[in-house]
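Engineer: Quick one: structure below, then a few questions.
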């Protein structure tokens, strides 16, 4: 039986009016209920738009259901409203879940010196956030597709050949699923965390992002290296900040045999307070060693420590620069020199 446009429009107006009234009441109640919660305002603002969309779609769907008709427009409209309602509901659920996850993310500030635990938690929370988004999208799309009668029939017919399809799907998705599981393994096995200092493919950098399928490493020169998650579960790599961000580094110099190591130690002792005042040296280790003496040179190693990898790099550069300047101006006999003895030269008369 056909429905008059007057009845339809009157019903739509009534339904939309009721929806607006519900939205106003819920908005006021939510504001009052969350005014003493510092994150309440943020929750209301984030959930307001998907909630309004859901209420409006449900109101229109209720009107269409109340004025049921046998025409094709009613069937198509009902199906479209069902899909929109599922989409709005998935949007609202996703926003609420992401709000909960983001609260944990806000508590993982990694801009502190001792941030090992917080970096681990931040990595795990970021992976959970991406997994939540993927789960909501997949479930929402599946629910939308199942709303179509034709898709249901196709699904029922495909169940008869589920064995073949499962094999084909497994082969096709093997790489993707391997990366997803590797991403979960990385996040919860604590092998790699956000802001870890790593060496991968003979390049040094920091872990900038961990997703369900790839890891982004920010290299020392600001390039980005994107690696699949399976790389970190199948390939050996160096993690300099696995247990702590504090590191020990060395500065090596090839000097002449006449270098006075005692004077060199005194110069290092003068350099380190300057480095500590600049926030580079953490005060733990400052040691000078002679590690080799071959080919007419003496190899001197200066061991120093810093709170993290970038600071250690700057500290090593500072120590190397200061020692080179000191050798050139105050102790030039310690600079590398090459001695030659000419054939027939008198004994005891060496030349340089």
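Using the three backbone atoms N, Cα and C, a Cβ is placed for every residue, glycine included.
On a predicted model such as this, the values are computed, not experimentally measured, just so you know.
The following feature annotations were taken from TrEMBL:
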type     : residues : note
DOMAIN   : 176-242  : domain 'Mechanosensitive ion channel MscS'
TRANSMEM : 6-30     : transmembrane segment
TRANSMEM : 51-67    : transmembrane segment
TRANSMEM : 79-101   : transmembrane segment
TRANSMEM : 127-148  : transmembrane segment
TRANSMEM : 154-173  : transmembrane segment
Engineer: Looking only at residues six or more beyond either end of the transmembrane segment (127-148), which have a C-beta under 8 A from one in the stretch?
Structural biologist: 79, 82-83, 86-87, 89-90, 93-94, 97-98, 101-102, 105, 155, 183-184, 186-188, 210-212
Engineer: Can you give me the average pLDDT across the domain 'Mechanosensitive ion channel MscS' (176-242), rounded to a whole number?
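Structural biologist: Average per-residue pLDDT within the domain 'Mechanosensitive ion channel MscS' (176-242): 84.
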Engineer: List the helix, strand and coil residue totals of the domain 'Mechanosensitive ion channel MscS' (176-242) as derived from DSSP.
Structural biologist: 18 helix, 25 strand, 24 coil
